[in-house]
Amino acid sequence: MESHEKDVKNGGRALDNMAFEMTNDEVVPQAVPSLSKLRDLDDLFPYIGDFGWYQRILFLLMIPFGFFFAFVYFSQIFMTVVPEQHWCFVPELKNLSVEERRHLSIPLTQNNQYDKCRVYDVDWKKVLEDGVTQPDANWPTKKCHKQWEFNFTDVPYETIATQLGWVCDRDNYQATAQSIFFCGAIVGGLLFGWIADKYGRIPALVGTNMIGFIGGVGTAFTNDFWSFCLCRFLVGMAYDNCFVIMYIVVVEYVGPKWRTFVANMSIAVYFTFAACLLPWIALGVADWKIYTLITSVPLAMAIFTPCVVPESARWLISQGRIDEAIKILKKCERINGKKIPDAVLKEFRDTATEIAKSEQEIKNYSVLDLFSTPRLRRNSVLLLFIWTAIAMAFDGHVRNVGSLGLDIFLTFTIATATEFPADILLILTLDIVGRRWMSFGTMVICGIFSLLATTVPLGIPSASLAIVGRFCVNISYNIGMQYAAELLPTVVRAQGLALIHMMGYLATILVPYIVYMATIATEIPLLILGTIAIAGGCLCMCLPESTGKEMPQTIQDGEDYGRGQKFWEMPVFSKRTKAVSAEISKI
């Protein structure tokens, strides 16, 4: 399922033939030319409406799921963040002021900063009895033991990391917990993918959000590292599917010419707004447990999904449940004020029966068929590496905001807000520039600006350059799965996209540790992410262009895809060449 769900990711193209151009959805059914053959569900949209009130309502119903996605993905950042300044706590000095206590008990580093992980090892009772107020640099030191103090100026609330002391020797706990979250995503993808294929998209959508609800609420009551990791594993099982299943169900009910708009605007508006809201919720409640509950309890609303969201008509048809699919489509026509002629409806029943039979034939293929012929094998391997690079660069930029030398809450908001203009730019330019050049350009620019951010001082200069990198990788991320769906043959597209998506999950397990390397040197994460982005972008140039091309159906189609294309080919120039040729032929 998961791969089937991703086939139209951010580009609005379903697995089946999407080349059919729809007429204006305001035209009444009687005015629509009779179709010689209904090839699939898309050919029915002139009769039920491309984007009428039924689809608009579904588009609005995506709002809570867009919020759920942002909450599941980003909320852990603000429940494990650690203030920049912390030092050992000495119980014997608790009656002194914070400044006096720190000055007396904490040694200075070579940079004349208070050491975060060491304390003077002396008899503090005797020191107090002797009236000593100035430390002696020759005093012995030792590592802190379990208790720290934090300067809550930059992070003005307790987090689980500050409560449990995830600093110094345990400062990798946040990265480990985040990696366990992505391990949960792998399990969730497999489990809910199977549920979606076996029992339907809506049961899977309810299940994935409910497991996220259980794990999120449980997180608020954890009191040690391993119980926290268990709960985050459960929340990780909801990652992606908590929104994407709804996303695909809605996109399937929208006419082809509206899919790019619906697919991108749901991300640009709903997901981006919710993500930008997260840091301010954390600051507003100033309590990590309440914050966790606020971002977890709403997922329980998914229990009402079957009451308001229809099952995927494509899935129903693939299961041979054609009457149920037609019932939903007739409801769509009624709300949109349309009418499906009886002859068309009868023809669609016959077509749906053929589609159901062909779905059974597709099951005879496996993901191994992607590697059965030379050119298809090359493209499949490239797609695996490219998506790995995109996923790592995107997630790395998301999590590295705390190492840019500015307020993490403001920086996260600004960086996340770049998703909106990125999606708008993508809608306006993707079909002009093309998948290949757009992927290459945005990934390479992301890499260049990531590397440049390491050459300037921390603060506004480095953050500004890193945010430009984030803006570019947003575009790459939104192209990624659409590009893969257009290159892989229909007979193995679902399984191929699942494999590619799983590679992204595996890659993001490593990202928290890349970001953690900022504790060694703040430049390291961006150096690694920049290099990965540039490498991934260059690999895109080895793929064929898919803009405006029919998607391959068979393994042989996949093998032959892109033969004869020139390296410098770009859709905008191809269209001009065709237009000039047409004019010349008229002369």
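Backbone N, Cα and C atoms are what each Cβ position is placed from, and that goes for glycine too.
Record features (TrEMBL):
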DOMAIN    59-548  domain 'Major facilitator superfamily (MFS) profile'
TRANSMEM  57-79  transmembrane segment
TRANSMEM  175-195  transmembrane segment
TRANSMEM  202-221  transmembrane segment
TRANSMEM  233-254  transmembrane segment
TRANSMEM  261-282  transmembrane segment
TRANSMEM  288-309  transmembrane segment
TRANSMEM  381-398  transmembrane segment
TRANSMEM  404-428  transmembrane segment
TRANSMEM  440-460  transmembrane segment
TRANSMEM  497-518  transmembrane segment
TRANSMEM  524-543  transmembrane segment
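The recorded stretches the transmembrane segment (497-518) and the transmembrane segment (233-254) do not share 3+ CB pairs below 8 A when only pairs 6 or more apart in sequence are counted, and are therefore not in contact. If you look at the transmembrane segment (57-79) against the transmembrane segment (233-254), you find at least three C-beta pairs under 8 angstroms, all six or more positions apart, and that counts as contact. Within the same chain, the transmembrane segment (440-460) packs against the transmembrane segment (381-398): three or more Cβ pairs sit under 8 Å, each pair at least 6 residues apart.
Proximity of distant same-chain residues to the transmembrane segment (233-254), defined by a Cβ-Cβ separation under 8 Å and at least 6 residues beyond the stretch ends, is recorded for 1-2, 4-9, 12, 14, 41, 50-51, 54-55, 58-59, 61-62, 65-66, 68-69, 72-73, 76, 180-185, 187-189, 191-193, 196, 201-202, 204-205, 208-209, 211-212, 214-216, 218-219, 262-263, 266, 271, 296, 299, 302, 305, 309-314, 332. Mean pLDDT for the domain 'Major facilitator superfamily (MFS) profile' (59-548) in the predicted structure: 91. Scored on C-beta pairs under 8 angstroms, the neighbour of the transmembrane segment (381-398) with the top count among 288-309, 404-428, 524-543 is 524-543. For the transmembrane segment (288-309), the most Cβ-contacting stretch among 261-282, 404-428, 524-543 is 261-282 (pairs under 8 Å).
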